[in-house]
Amino acid sequence: MSLSRSEEMHRLTENVYKTIMEQFNPSLRNFIAMGKNYEKALAGVTYAAKGYFDALVKMGELASESQGSKELGDVLFQMAEVHRQIQNQLEEMLKSFHNELLTQLEQKVELDSRYLSAALKKYQTEQRSKGDALDKCQAELKKLRKKSQGSKNPQKYSDKELQYIDAISNKQGELENYVSDGYKTALTEERRRFCFLVEKQCAVAKNSAAYHSKGKELLAQKLPLWQQACADPSKIPERAVQLMQQVASNGATLPSALSASKSNLVISDPIPGAKPLPVPPELAPFVGRMSAQESTPIMNGVTGPDGEDYSPWADRKAAQPKSLSPPQSQSKLSDSYSNTLPVRKSVTPKNSYATTENKTLPRSSSMAAGLERNGRMRVKAIFSHAAGDNSTLLSFKEGDLITLLVPEARDGWHYGESEKTKMRGWFPFSYTRVLDSDGSDRLHMSLQQGKSSSTGNLLDKDDLAIPPPDYGAASRAFPAQTASGFKQRPYSVAVPAFSQGLDDYGARSMSRNPFAHVQLKPTVTNDRCDLSAQGPEGREHGDGSARTLAGR
């Protein structure tokens with residue numbers, strides 16, 4: 001190898017070291033920085049995925065508590081579990097990406113900068129030393145030849161000249177070998193770094209392949225079953241069909257008081273002696289469809305093509321899933337319609353009116369007062385009513401107008417449609433007043449005199465004037481109510497305050513108003529308006545007049 005070839009290789013060796021230090025290492029640092037950003041983004045994806053599948057699990061819990069969608073809840077649980085396993089595999093890939101690639105590359109690049117600087121310096125020093133030794137031998141040989149040319153005896157320097165030539169040849173060989181080895185070492189160092197990067201990237205790719213393979217295996221195994229589970233939305237589970245058939249064969253039951261599960265999705269106990277109510281006119285055209293179709297959603301006891309009006313996704317809060325109704329005849333449909341009534345509590349003995357906070361007073365089965373046979377009667381809410389979690393009840397505010405949809409109240413409950421919210425359901429009839437044909441409201445009264453209204457309506461007589469609360473102690477025991485100021489909350493629902501006054505009256509208050517025979521005369525004094533403006537005598541006189549009237 002000529003000297004010029006050795007110098008060329010020396011320059012190539014230096015360029016390899018400089019390329020590693022000035023280009024490879026900075027690029028590797030940038031690669032590590034981008035890898036950290038990628039890791040951070042994937043960590044954010046895993047965090048979001050955990051929240052996503054936690055929400056999916058909750059949806060599965062809701063579905064599993066439904067009689068009609070229990071198997072879909074199991075499917076949602078399986079989906080969440082499968083994706084949890086896939087997510088665990090992704091986390092393993094992230095750990096490998098961080099530990100086997102980013103961390104080790106970051107450590108290598110910091111150590112490598114110092115190592116390469118030292119290696120290049122060592123190579124340059126050794127190469128310079130060998131080059132200087134060669135140059136020195138060549139200079140000595142040149143001097144020796146000049147001296148032999150001027151000497152009278154040239155043979156005297158021939159042996160020494162041969163020694164210098166051999167030394168120069170050895171020095172030059174050593175230099176060339178060192179430069180060649182240095183170039184090889186530089187290329188090896190460069191290749192070692194790229195191989196390390198590829199090796200670590202292969203480890204990450206291996207984990208990535210395991211992640212995708214695991215996901216493909218799990219999804220390919222479960223996906224057909226999941227698709228089969230949701231292929232027919234109208235298909236009712238066999239257990240729900242059997243339950244509906246059992247309900248239809250055992251008589252009327254009420255889907256009220258749904259409290260057996262978190263979402264209250266159970267069918268309530270049957271009402272003792274409940275009788276089916278007539279089917280509302282708007283249900284008549286759809287009775288045939290109930291028999292023809294496999295299943296039809298029932299909401300608030302109403303079914304038909306206007307089901308969108310009662311969709312829980314349309315204009316109210318989402319209701320819990322309900323099981324669908326099996327095919328029924330017209331009589332069974334009427335039974336199921338009447339069974340949307342709220343569950344009636346057990347009735348106390350007739351000779352006892354004592355109640356507690358968790359009991360309701362017996363509800364009557366009186367007719368709706370003033371209900372027209374040829375038209376729809378309207379009532380006005382005088383109290384607010386909240387349905388709560390029971391989808392069969394109707395919520396309304398004080399002053400709302402309600403159109404009655406059935407001709408007869410059932411145990412103090414009536415079925416109607418709110419003109420404000422367009423929702424339908426059962427509501428306590430004593431919370432409302434019947435509107436006359438001219439739009440004015442009046443208190444409703446029983447059309448069947450042999451039956452009693454709910455205890456909150458015992459005073460609802462148009463020809464009865466109730467004295468103010470201060471007309472004697474006997475009248476204070478019974479709540480004062482008038483036709484124009486009926487603001488006392490009716491007692492068709494559990495209100496324990498009324499039970500204290502009922503013990504004083506016994507069974508006779510059950511059939512008639514105990515104050516119906518009292519005829520009051522108007523007082524001649526007006527001292528109740530402002531007692532503070534009168535003297536002690538005036539107040540005493542006023543109190544005496546009140547006592548006189550009360551005594552009568």
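Note: Cβ is positioned from N, Cα and C throughout, glycine not excepted.
It is 447-466, from the ranges 87-106, 127-146, 447-466, that Swiss-Prot records as region 'Disordered'. Set side by side, the modified residues Ser384, Ser395 differ in how many other CB atoms lie within 10 angstroms of their CB, and the most is found at Ser395. Rounded to a whole value, the Cα-Cα separation of Ser395 (phosphoserine) and Ser384 (phosphoserine) is 8 Å. Counting residues per DSSP class in helix, strand and coil order gives 3 helix, 28 strand, 33 coil for the domain 'SH3' (374-437).
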